[in-house]
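Chemist: Annotated ATP binding site per Swiss-Prot: Gly44, Pro45, Ser46, Gly47, Cys48, Gly49, Lys50, Ser51, in sequence order, evidence recorded as sequence analysis. Here Swiss-Prot flags 12-253 as domain 'ABC transporter', drawing on sequence analysis.
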Amino acid sequence: MENTATAPNAKLEVKNLNFYYGKFHAIRNVNMSIRENKVTAFIGPSGCGKSTLLRTFNRMFELYPGQRAEGEILLDGENLLTSKTDISLIRAKVGMVFQKPTPFPMSIYDNIAFGVRLFERLSKGEMDERVEWALSKAALWNEVKDKLHQSGNSLSGGQQQRLCIARGVAIKPEVLLLDEPCSALDPISTAKIEELIAELKHEYTVVIVTHNMQQAARCSDYTAYMYLGELMEYGATDQIFVKPARKETEDYITGRFG
């Protein structure tokens, strides 16, 4: 297992992280560094804690009562888990795209502009440029440029997910979290999302949770295997899939477990 606790070029550093649903200890003493401008994938069986861990990175768990995190999550050295940290700024810096496409009930244009308006005051011309820029980043602009004022819900499932990614990058975050972004999509849409992830890492630090191990192998630079709330192994994706250090990791990857 690679020692990533003090990795160079770390964008996020997780130190002694524990997470609780009420009294249930869901994540146990996780320590890891997530490198800047790389794609890090979390794999593991259902209920292992990978999506829970992802939601600690932008404190999304605080939307639900009885959940708490202990330890440190450092973004460029700043602990995101302290009460002094502005949660709206955290979510501007650490964007999130969910498993099911969740376009807002408004136009394609306003889906992109909505978050930008919360943090910036742009002129109409500047906002038009930002909307085009974000949709282009999500490889969606050419498909929707003539129907920006139609509902986001009028798009196909794959287009809706790319709209959600565009919405996430529009506020120019530093980290983009993707929680099973392709699980509800067909193979063609999935391939487009995977191509997009490869492009996004040049400007963002990308963290993805996936049940699809082939997707993790294709898309990620680093892979973390979780089991029962513990980080079992974490290292370069090629190493994890070709020569894992732990038998538990090998058993999961080869289908003997999970």
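Glycine is treated like the rest: Cβ placed from N, Cα and C.
Remember, predicted model here, so these are calculated numbers, not experimental data.
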Chemist: On a count of neighbouring CB atoms within 10 A, which of the binding-site residues Ser46, Gly47, Ser51 is highest?
Modeler: Ser51
Chemist: Taking the mean position of the Cβ atoms of Gly44, Pro45, Ser46, Gly47, Cys48, Gly49, Lys50, Ser51 as the ATP site, which residues outside that list, in the same chain, have a Cβ no more than 8 Å away, listed in sequence order?
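Modeler: In sequence order, the nearby non-listed residues are Thr52, Met226, Tyr227.
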Chemist: Give the residue from the binding-site residues Pro45, Gly49, Lys50 that has the most other Cβ atoms within 10 Å of its Cβ, counting over every protein chain displayed.
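Modeler: The residue with the densest Cβ neighbourhood is Lys50.
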Chemist: Around the C-beta of Gly44 (ATP binding site), how many further C-beta atoms are within 10 angstroms, looking at every protein chain?
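Modeler: Within a 10 Å radius of the Cβ of Gly44 (ATP binding site) lie 26 other Cβ atoms.
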Chemist: Just to confirm: which same-chain residues, 6+ apart in sequence, have a Cβ under 8 Å from the Cβ of Cys48 (ATP binding site)?
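Modeler: Result: Met226, Tyr227, Leu228, Gly229.
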Chemist: Can you work out the mean pLDDT of the predicted model over the domain 'ABC transporter' (12-253)?
Modeler: 95
Chemist: Sort Lys50 (ATP binding site) into helix, strand or coil using the DSSP assignment.
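Modeler: In the DSSP reduction, Lys50 (ATP binding site) maps to helix.
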